[in-house]
Amino acid sequence: MGQTVTTPLSLTLEHWEDVQRIASNQSVDVKKRRWVTFCSAEWPTFGVGWPQDGTFNLDIILQVKSKVFSPGPHGHPDQVPYIVTWEAIAYEPPPWVKPFVSPKLSPSPTAPILPSGPSTQPPPRSALYPALTPSIKPRPSKPQVLSDNGGPLIDLLSEDPPPYGGQGLSSSDGDGDREEATSTSEIPAPSPIVSRLRGKRDPPAADSTTSRAFPLRLGGNGQLQYWPFSSSDLYNWKNNNPSFSEDPGKLTALIESVLTTHQPTWDDCQQLLGTLLTGEEKQRVLLEARKAVRGNDGRPTQLPNEVDAAFPLERPDWDYTTQRGRNHLVLYRQLLLAGLQNAGRSPTNLAKVKGITQGPNESPSAFLERLKEAYRRYTPYDPEDPGQETNVSMSFIWQSAPDIGRKLERLEDLKSKTLGDLVREAERIFNKRETPEEREERVRRETEEKEERRRAEEEQKEKERDRRRHREMSKLLATVVSGQRQDRQGGERRRPQLDKDQCAYCKEKGHWAKDCPKKPRGPRGPRPQTSLLTLDD
């Protein structure tokens, strides 16, 4: 017990039945292998501080949730059931989780108390802030911070925080005490962008995925109120994300999220760019944004007056209280995003695209997002363009994991498959992959079978060598025996060897056969004729 470390991830795996029950209560289904993959490999890459061992910190969980629920190609719909289950476990922790969750102040169960009665001027509630009502009691001892152009923008730091039912802050405390008190009892928001909102907030809704803090919103007197970026926001964004040169896509997605959720002013945009980009990167982004300005005919224009009107480099005198001023600001943000996207494109390098391969435990959806990002970064092609779907599909097949790629190549009627069909088929193959235990068992079984086949082949070869050796020995023995027999038979017919002075006729020594006295002398007689038998005989 003392030598094992319990982590949120290991704790959920030990109580997996409870996790599945909680997921079922959320009307979702979760798998253990993907639960581990998302917690240890996917979510730590979101740059929101998610540890590989998991966490029950509701603030971090909601930040991951905002990434998962992001619209468009930056979202992760396949991870929704898992982050929703994490959130449910952290929001209402079961008994085995409570020792690992820090106590939190319970928010007021009732909605914020709004002024009621026949008041002639009830403070309106902003549609963007359904849980907030602006203060109606200004503090005259604090001077208001007005904008340079004399507009109605005011600093909410000089006002009392919005009233909340059941909880309030003493008006005798200073601004610093009020900020410190609210920060300690603040409920985590569903986005990493939380520190711009001063004062107490209601707990986020279950389906909330974006921050409710905006630099510009309607106040109690019907005028826009300005809340600037806090230094902690800028610090966290800069340190928790890669540089623009290193990963322009990720930083562009962050700035796009900030522009969408915070509605920053022109000054806020300059502060944001100056913090997150280097001087050279900022100049490149501004240049590309000005190139994206379109004229009245809808085509890109280079007329200085039109470019300066749409995307000014100097502080404009836009009146944000008017619809015209807000329209200018919306167009400026759109051009700024276009500049970020165009400036983030590197020179065409298809080798970089081909170098993007699926990781061993990477889901096909995550791999496809990395592949599309490589297309956007290293090629002039838009991977979302229907005309490029074939190229992206082929890259997806060839650069997938080997087991997935082989099965995708063998699909029937592959040419008619869309990219979505390929991704769904790849997800099915990915989810049916064998577990590490099954893979280990299969490798062990294959090794044993291979060893048995090798031994059988060795035994067969040894037997063949023995048979061949036996045949050769048999032939050799037969040859030896036959030679010995022939030697014995030939030895009987051979004449004995004679000495140098021995007679071949009488075998006596001292003379040769031609001088042998025992040899008959005289002419040879005719040979007797051999009578031949005839038919008459």
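Backbone N, Cα and C define each Cβ position, glycine as well.
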Out of 105-108, 161-164, 305-308, which range is noted as motif 'PPXY motif' by Swiss-Prot?
161-164
Matching 267-272, 417-422, 429-434 to Swiss-Prot annotations, region 'Interaction with host UBE2I' lands on 429-434
Where DSSP helix means H, G or I and strand means E or B, what are the helix, strand and coil counts for the region 'Interaction with host PIAS4' (344-392)?
27 helix, 0 strand, 22 coil
Count the residues of the region 'Interaction with host UBE2I' (429-434) that DSSP assigns to helix (H, G, I), to strand (E, B) and to coil, and report the three numbers in that order.
3 helix, 0 strand, 3 coil
